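As recorded in Swiss-Prot, the features of this protein are as follows:
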TOPO_DOM  1-23  topological domain 'Cytoplasmic'
TRANSMEM  24-41  transmembrane segment
TOPO_DOM  42-57  topological domain 'Extracellular'
TOPO_DOM  76-86  topological domain 'Cytoplasmic'
TRANSMEM  87-104  transmembrane segment
TRANSMEM  113-130  transmembrane segment
TOPO_DOM  131-146  topological domain 'Cytoplasmic'
TRANSMEM  147-164  transmembrane segment
TOPO_DOM  165-172  topological domain 'Extracellular'
TRANSMEM  173-190  transmembrane segment
TOPO_DOM  191-207  topological domain 'Cytoplasmic'
TRANSMEM  208-225  transmembrane segment
TOPO_DOM  226-237  topological domain 'Extracellular'
TRANSMEM  238-255  transmembrane segment
TRANSMEM  279-295  transmembrane segment
TOPO_DOM  296-315  topological domain 'Extracellular'
TRANSMEM  316-333  transmembrane segment
TOPO_DOM  334-341  topological domain 'Cytoplasmic'
TOPO_DOM  361-369  topological domain 'Extracellular'
TRANSMEM  370-387  transmembrane segment
TOPO_DOM  388-408  topological domain 'Cytoplasmic'
TRANSMEM  409-426  transmembrane segment
TOPO_DOM  427-481  topological domain 'Extracellular'
TRANSMEM  482-499  transmembrane segment
Amino acid sequence: MISFFTKTTDMMTSKKRWTALVVLAVSLFVVTMDMTILIMALPELVRELEPSGTQQLWIVDIYSLVLAGFIIPLSAFADKWGRKKALLTGFALFGLVSLAIFFAESAEFVIAIRFLLGIAGALIMPTTLSMIRVIFENPKERATALAVWSIASSIGAVFGPIIGGALLEQFSWHSAFLINVPFAIIAVVAGLFLLPESKLSKEKSHSWDIPSTILSIAGMIGLVWSIKEFSKEGLADIIPWVVIVLAITMIVIFVKRNLSSSDPMLDVRLFKKRSFSAGTIAAFMTMFAMASVLLLASQWLQVVEELSPFKAGLYLLPMAIGDMVFAPIAPGLAARFGPKIVLPSGIGIAAIGMFIMYFFGHPLSYSTMALALILVGAGMASLAVASALIMLETPTSKAGNAAAVEESMYDLGNVFGVAVLGSLSSMLYRVFLDISSFSSKGIVGDLAHVAEESVVGAVEVAKATGIKQLANEAVTSFNDAFVATALVGGIIMIIISIVVYLLIPKSLDITKQK
């Protein structure tokens, strides 16, 4: 059989494979941590640099926009150039750009840094996943490795605000960026000695598809940007509508071009495989259902429980604990009972956690939330099985494609979930609050608008006017909107579990490569 892939993993011992996995897991941890750590640094950054409201949004959003746009082309680039070189280059860029924060004296400079960090992240994130596919050719070992990879991603996202809060208690906002530097140095040095190189052979590595690159970047960035705009400004603005139509058009052209190509940047035909489709649907829709609920949980802890952002991060740890406990055993359960049982069941367990928040959440207590978060984390651990399904029927030469698709599904699910379910929560909050009942007390015009926009705004208006009842009703309305959104998220996850169950072949064994 002709090999289209050049790799140096054949002689790797078991010890070297698992040591390499540690490097890849730490790499992913750092990048996902960086996606959330800025939340803690933003208030101090705003006080020092005084960015405009628009600049603040770009500081927050530019990272995810660039990540979404560049993941597919840069994963294809890594396949051709070499995954090890791409990963180490990504980390070198990650460290150098983070170090440049020392020279940041304007919001524009910080935006540029976040842009370059997004490029580096797009080199790192899919490459960690595709290298696991190359290093662990035994499907059973690979499933366990993917569980570790999944844990690293979850822990990074949860610990970002916690680490950020701890740093900011002692240092300036710059530390939220500088924390990346030692991790980047360690990753580059360790990667040089511990990671194997792998890339497409010359027979398979053809010329670079520039039109597909442009279509992918512009289409994905346009799609993510427009969805974010809808969630912030509503549906009335015409510009996001124009952008989303153009973005979808470019994505459709990209798909058609790659379907007709003998050497596609993204092999769209992978979606014809039921296990691949099941894994990607699970990744996208689970993040869609979860993202807004977790964001609202953080707000609930800060507004209702009156915790600092740092303590709120600590109080979200039960979810990470649930994930860490169950992710390592999920592949073993899937090997014994089959992914057709384990993945839908895991998603169902996460749904139960959501339902608990609703049915025992009037009002919600932290003990109830903690139990729900443990179940959500335990259920999310089953997504390691989704990763195994995605890689199971993916040939080694298409590992970069599969990794890019999976990462894109997580990112898009997060963006769409926050936009759609976040907007639902805001709408329910306004319905439950009934601000008109406070008109007789002077809460009209701009004051009423601020109170209706968010629970934080309502609390501030209540403090300014001395109307304590407004704060109490706003908090109650936010609580009810939050748990109602959790109910909707749980229903979505039940539907996902059924769809995934129907898609996964009954006899599929994740310990045997297709």
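A Cβ is built for glycine as well, from the same backbone N, Cα and C atoms used for every other residue.
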Quiz item: Near the topological domain 'Extracellular' (361-369), which residues from the same chain, at least 6 beyond its ends, have a CB less than 8 A from one of its CBs?
Solution: 297, 300-301, 304-305, 315, 476, 479-480, 482-483, 486
Quiz item: Which bits of the chain, at least 6 residues beyond where the transmembrane segment (147-164) starts or stops, bring a Cβ under 8 A of a Cβ in it?
Solution: 21, 24-26, 28-41, 128-129, 132, 176, 179, 298, 309-310, 312-314, 316-317, 319-320, 323-324, 327-328, 330-331, 377, 380-381, 383-384, 387
Quiz item: Looking at the stretches 87-104, 279-295, 316-333, 370-387, 409-426, which one shares the most CB pairs under 8 Å with the transmembrane segment (173-190)?
Solution: 87-104
Quiz item: What average pLDDT does the predicted model assign to the topological domain 'Cytoplasmic' (334-341)?
Solution: 91
Practice problem: Just give the helix, strand and coil counts over the topological domain 'Cytoplasmic' (334-341), going by DSSP. | Solution: 7 helix, 0 strand, 1 coil
Quiz prompt | Non-local residues, at least 6 beyond the ends, that sit with Cβ under 8 Å of the topological domain 'Cytoplasmic' (76-86) | solution = 123, 126-127, 130-131, 134, 191, 195-200, 205, 208, 265-266, 397, 399-401, 404
Exercise. Sort the residues of the topological domain 'Cytoplasmic' (131-146) into helix, strand and coil with DSSP and give the three counts.
Key: 13 helix, 0 strand, 3 coil
